[in-house]
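Asks: Please see the structure below; I have some questions.
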Amino acid sequence: MSLDSESSPSSTRDWFFPPQSFLHSYPAKSPTYIRRFSETSRISRRYADHQRYRKSSSCISDSHSCSSTSNDAKFARTRRRIDFDRRSDLSLKRSESEFSSKRKLEQSDVSSSAKKVSDTSRLFRSFDSTLKVRWRFLAIAASIFIVIFATLLHENSSLQEQVNGLEARISNLNIKLRACNLFDSGSEDDVRSPDELADFMDKRLKTLALIASLTLLLAPIVILKYIDSKSRSLEHNLEEVSLNKQLLYKVDVFFSVHPYAKPLALLIATLLLIMLGGLALFGVTDDSLVDCLWLSWTYVADSGNHANSEGIGPRLVSVSVSFGGMLIFAMMLGLVSDSISERFDSLRKGRSEVVEQNHTLILGWSDKLGSLLNQISIANESLGGGTVVVMAERDKEEMELDIAKMEFDFKGTSVICRTGSPLILADLKKVSVSKARAIVVIAEDGNADQSDARALRTVLSLTGVKEGLRGHIVVELSDLDNELLVKLVGGELVETVVAHDVIGRLMIQCARQPGLAQIWEDILGFENCEFYIKRWPQLNGMQFEDVLISFPDAIPCGIKVASRGGKIVLNPEDSYVLQEGDEVLVIAEDDDTYAPAALPTVGETSFIHIARPTRKPQKILLCGWRRDIDDMIVVLDAFLAPGSELWMFNDVPENEREKKLVDGGLDISRLENISLVDREGNAVIRRHLESLPLESFDSILILADESVEDSAIQADSRSLATLLLIRDIQAKRMPVRGAKTVAYRGSVSQGSWIGEMQQASDKSVIISEILDPRTKNLLSMSKISDYVLSNELVSMALAMVAEDRQINDVLEELFAEEGNELHIRQADLYLREGEELSFYEVLLRARQRREIVIGYRSAHAERAVINPPAKHERRKWHLGDVFVVIAEKE
């Protein structure tokens, strides 16, 4: 084929330009394609110049009419065109060089990325070789995932920039080629458009994203398999811990130490699922990466969204992501359910913090708690109720169940229970110990020494609270010997109530004065009348004898002297004048039920001179052995008249008794008024009791024996059995009387055993120490003993001191061997038979004997009236009446 025959434009284009299949064989970004394309362009331009030159030469030879000027012009245009082609060649060379340099940079980036991957692999191999750092494996795996994901994002942005650059360059080249008339209108279809190049790059990126998502999905499985194989290979080496166990241990520690580990793990799992799902969707769909990530989140959040997917690839990925979302949703529900259950369990078990102020805090649990809560509830009734927080080492539900079983009205007082130890500062802060107005430490049931030791440690914990204490501490102790140590530790914050000492002194007072136990129940408890201290400025400058009759609804019985450092003086002189700052101690029903009024008109009282009967020697029997029996002997020696006898009947061998008494601090040689008589025996065995002259004793004290004091029911059963045996023996030994009708609670019984025991009770006084309140009803129904309810009286004392710590000084003086105490006086000391007097007049007559009358009991009444109403009204008195007074000890 000749050159002339191929000179047509179409044939020229077909010969110099390769077909479309040839162009598609080279990628648009290939330097080979650009180079061949440039060479072809140059050859085509030179051939075109040659054809124009031949045509111009033939025109000159045929017509001979073309001048030299036009030839010069044509050659000039040809030279300019050739120069333009040379400049185009230079521009193409520069573009090719820039492209090759960018390609080298990309290759260097790829090589650096490959180098990072190889470094990571070497790090992984070094991690595998050293067992001490194998716990870092998870962190390295996470770093690898982040690096791969970041690399993909970087590759995506880089490729996008390259596509944009190539599109711009191709557009410029097309413009230049059209300017040179090298392409006609049909040649544009043979060159790849920018959209085609973008589609090609997008497909390649989607393929990489799909491969990356599959790799990241399979990588954990491969790693776990590798760890498991390495762990099995190390099982024969007992000294070396396998990597699997180390990883499990690290995970266990992480979830145990960090409280938010579970939510954090769930969040990371959710993000990983969203990213993997987004990459997979990006690889199988035509959407952008951002849209795929959002679509992956919708599949995770709502598994029903995958129903709109079309195609095998999108459906497979959407189902997988939806399944993972269901698993994550199930884990989230379990986590939320566990958190809610733990919270409710914490509330149920009393682990939450108490946010209260001015509340009463009770630390510990014992049988006295019911009586204590009852008294505090009665005291708070005038305030509309209060808050009591109980913290003990018991389950909260059990404490609330026991409190709910208590048969009394809380009168608006809320009782909050918390589980905790008073020896732990964190538990004390949990019940707002620094904001409590009073803290009561209850002695636990059981061994007295252990109970007091625990109370001492509790006081130490309370004094160690950094925020300080707003209120005072009331500590119940079991042994008087430990009182000094507790006060030494607690200082001015502590008020002590020694249960055994209080009960022992009460028993001695009640043995000397039958009926005094009921008086103490009325005064100590908040149900009737109790002690209150308050300042009344309008009484300043008034003498105490006028203060006595200034309160219609209260009875003054002492002064808190400001000039003596706030010391409380019971039964002061009539001539004492109240000074500024002094406070008045009264017995009233409540702190808001009394106030001073104008002085009433009281008739002149005549003095009745009646000599007090001299004290006579008494014969007293102590049944049982207590740890503080030596203190009781000292108190009895101070109260009884000279020549009195104290018989001690218990199962302690006689040769050991003196040693125990001496060890307790008793000096037998210093006893002045009593002599000790020892008898050994069991108080619940009848034949042992029959060996004693029970009918000759003035008073019999049945003590809760030390051997069974840990169990209230057992101790009360023993005391009750001893009481019944003694009364029966006394009734049998009494002289035979005529038939006597005994009225008992509306029923009449002739010659009954209860009637015989009541006759025996008229002959002598038996005081029983009762620990369980339920035994009270048995003794009150039978009326065969003037009982003492130990736990209830101690609870009353604790409640009074908790409400006002100053009352403890009053109780200590009333229980002490010296000073003032409660007495029951016969009416003939103040009046005559049938005389009509008002209570104020009786009060003033008693002041002539330096006594304060606080109540009375009529001859036919069972209970005394403390702080009687209508004190100015006259009434007829009888010699069978008795008065309750505060007077100095005889």
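In case you wondered, yes, glycine gets a Cβ from its N, Cα and C as well.
Feature table excerpt (TrEMBL):
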type	residues	note
REGION	1-27	region 'Disordered'
COMPBIAS	1-13	compositional bias 'Polar residues'
TRANSMEM	135-153	transmembrane segment
COILED	149-176	coiled coil
TRANSMEM	207-227	transmembrane segment
TRANSMEM	264-284	transmembrane segment
TRANSMEM	316-336	transmembrane segment
DOMAIN	357-498	domain 'RCK N-terminal'
DOMAIN	617-789	domain 'RCK N-terminal'
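Give me the structural setting of these features: burial, nearby parts and distances.
Replies: Tertiary neighbourhood of the transmembrane segment (264-284): same-chain residues 145, 149, 152, 206-214, 216-217, 255, 258, 292-297, 299-300, 311, 313-314, 316-318, 320-321, 324-325, 328, 331-332, 335, selected by CB-CB distance under 8 Å and a gap of 6+ residues from either end.
Within its own chain, the transmembrane segment (316-336) is flanked in space by residues 262-263, 266, 269-270, 273, 276-277, 280-281, 284, 296, 299-303, 305-306, 309, which lie at least six positions past its ends and keep a Cβ under 8 Å from the stretch.
Taken together, the residues in the domain 'RCK N-terminal' (357-498) have a mean pLDDT of 89 on the 0 to 100 scale.
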Asks: For the domain 'RCK N-terminal' (357-498), give the DSSP counts of helix residues, strand residues and coil residues.
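Replies: Each residue of the domain 'RCK N-terminal' (357-498) counted once, the result is 62 helix, 31 strand, 49 coil.
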